[in-house]
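Report on the following structure.
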Amino acid sequence: MLLFETVREMGHEQVLFCHGKNPEIKAIIAIHDTTLGPAMGATRLMPYVNEEAALKDALRLSRGMTYKAACANIPAGGGKAVIIANPENKTDDLLRAYGRFVNSLNGRFITGQDVNITPDDVRTISQETNHVVGVSEKSGGPAPITSLGVFLGIKAAVESRWQSKRLDGMKVAVQGLGNVGKNLCRHLHEHDVKLFVSDVDPAKAEEAKRLFGATVVEPTEIYSLDVDIFSPCALGGILNSHTIPFLQAQIIAGAANNQLENEQLHSQMLTRKGILYSPDYVINAGGLINVYNEMIGYDEEKAFKQVHNIYDTLLAIFDIAKEQGVTTNDAAKRLAEDRISNSKRSKSKAIAA
């Protein structure tokens, strides 16, 4: 990887490589764009196969956060942090050392919890910096509001594809039954949707069967089901050259991040196949909305009102895609980049005045 060329192509402002010997720490903080506000992005801790994989993850996810904030009309930019470590080696000393790196950015980057980082870990990080979210329990966690946003996104996709506001009788395959996936199943079940579910943890799948009458399928079978909607709520990169040919769903709308293994190639494959794709960073913006409201003083009513905007934003994106003959992924980027450009122009005019 040519580092500066990659950073330039992706539009990043800053990439911070964090290294320490006592305790030993390797971390990367990627700041993509701060036009709309400070970069917000969670921290994940993973034993990446190599440093390049960690960097790619940070760069791609931070860019996605920029687009997510812009599409959600949140005054924040995009960032992401990755700690390269085995979860078994996670210690308070390591987390506090990381917190000091975050603090050195003086509020330019605000972080929270992601893979292998717990609320308790966030509280440990907060001993070294105030630039974290997820310390307060007032917001009740991001899962309820994230799942609501995904549910509203599914409704928007159904309206765009079939000009219908009804979900009853539709068949939906949900991949991944963590907190968001489980909450989404509850919303869908309440609207008389026929659920098909899969999870690498059989206990979670059986719970969905018991609670929501879902049909449990093997993780490898979830792609090829004859369903109306496929909702990926687990890992990223699952929409790829291997899985897309198996898809029978006409809509993809789920909570997982970075669903497209290759954004350009695989969004085009979905479009050619006639599948309406709901861009992940738009439909799953509820989590960002939740933590942003926590940062400014949590107001549940305001947060839930903001998440309802996901419905209208997706309808606008679907319309742009149709009118301009582009993929929905490109349409979402254009919407986000227009909002960022408009903000830059407004700031330039204000400075000139």
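Keep in mind that glycine also has a Cβ here, set from the backbone N, Cα and C atoms.
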With Arg44, Thr146, Gly176, Leu177, Gly178, Asn179, Val180, Gly181, Lys204, Ala255, Ala256, Asn257 listed by Swiss-Prot as NAD(+)-binding, which of these, Asp92, Asp93, Asp114, Asp299, is given for the same site?
Asp114
Chain-internal residues near Lys80 (active site, proton donor/acceptor), provided their CB is under 8 angstroms and they sit 6+ positions away:
Ile29, Ala30, His32, Gly41, Ala42, Thr43, Arg44, Asp57, Ala58, Leu59, Leu61, Ser62, Met65
Taking only the residues the record lists as binding NAD(+), namely Arg44, Asp114, Thr146, Gly176, Leu177, Gly178, Asn179, Val180, Gly181, Lys204, Ala255, Ala256, Asn257, what is the largest Cα to Cα distance between any two of them, in Å to the nearest whole number?
23
What's the most sparsely packed of the binding-site residues Ala255, Asn257, counting other C-beta atoms within 10 A?
Asn257
Under 8 Å Cβ-Cβ from Asn179 (NAD(+) binding site), six or more apart in the same chain: what's there?
Gly141, Ala143, Ser147
